[in-house]
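These come from TrEMBL:
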| type | residues | note |
| --- | --- | --- |
| SIGNAL | 1-19 | signal peptide |
| DOMAIN | 52-244 | domain 'Peptidase M12A' |
| BINDING | 149, 153, 159 | Zn(2+) binding site |
| ACT_SITE | 150 | active site |
Ligand SMILES: [Zn+2]
């Protein structure tokens, strides 16, 4: 279909095909080759930083949705249950990002038509192309999960398993058709995200879809382990669209912190025994995201994994541009007993249990009377409370405690009353 298909990225018929060898699920190579994409924006301005493959300057074809507002129409092909799934997908974006899907109104030129097409699992135009465009799901793929994936394309996201550096994380060894790698090597990548909803399923039997994971403890990927957006997906979208409020925190690669990033680090009033400010970091290590304390001198993150380890690869540091309190959206440490996962800042998830990891802060008085302060990890799978002890990888070894604070962000009602 010429130019149209060039700008579409298909989702494989995963629901039909996972584990099956009877159905040919291969996507036409022309659809996968040379498809440009945007993986992650690391620009604090929220501008689309670089798009490779085709004309970078063609902002008409490759524009984001202004203010993250996407107008939509529900096509008549959708059943009532399809619409329920679509609304769940919208809700996933509305509760975790600043993206808004809003009903088309008279006079709106650019909009996405949400459609059912049983000839596809899922198919969507990439970015805002101008005028009519669609996000489709069909057949056995008419789920929230598929629609979250397709709407990710609508918002300019590409496939995680087609990142330029994916060969470090998955192998397509022995596959007769291998998804193309995007070569947008000007965009610094975040931590490789096996859990991204933009990653195809992957396991030993399904290796030619999303590849076989090369990281220990990672047994499957994408929609097989995440029904909605992963924590990294959320972080990436909020960065790409320069989301503010309680979605303005940004995790930055430890190896390439800029001056601006450094100005956005926050120690929450806490210092090491040597008097240096302490900053939280996260690392993907052996298939799980852990939170720890950043060491600027070595660019390492001190985490716990069967012992205290200083990790130097796949490390990101938390920055909060705009300060801890901005427009009444306040980042603060909240005592475990009153903290809620709904307002806590997630750091990532484990690839083996799927539990979400959050940022815990605790201090401990050492034998010599000195107070040792540390960032660590607390996990939960509920949305109601923090009931488990935190892993605290301190300078004097690991300890576990129920006496910790959780980094959270909330809308300050008092502030809103004064400032309207
Ligand atoms: Zn896709």
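Even glycines carry a Cβ here, placed using N, Cα and C.
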CB neighbours of residue 159 (Zn(2+) binding site) within 10 A?
27
Roughly how many Å lie between the Cα atoms of residue 150 (active site) and residue 159 (Zn(2+) binding site), rounded to a whole value?
11
Residue with minimal Cβ packing [other Cβ atoms within 10 Å] among the binding-site residues 149, 153:
153
Kindly state the mean pLDDT of the domain 'Peptidase M12A' (52-244) in the predicted structure.
86
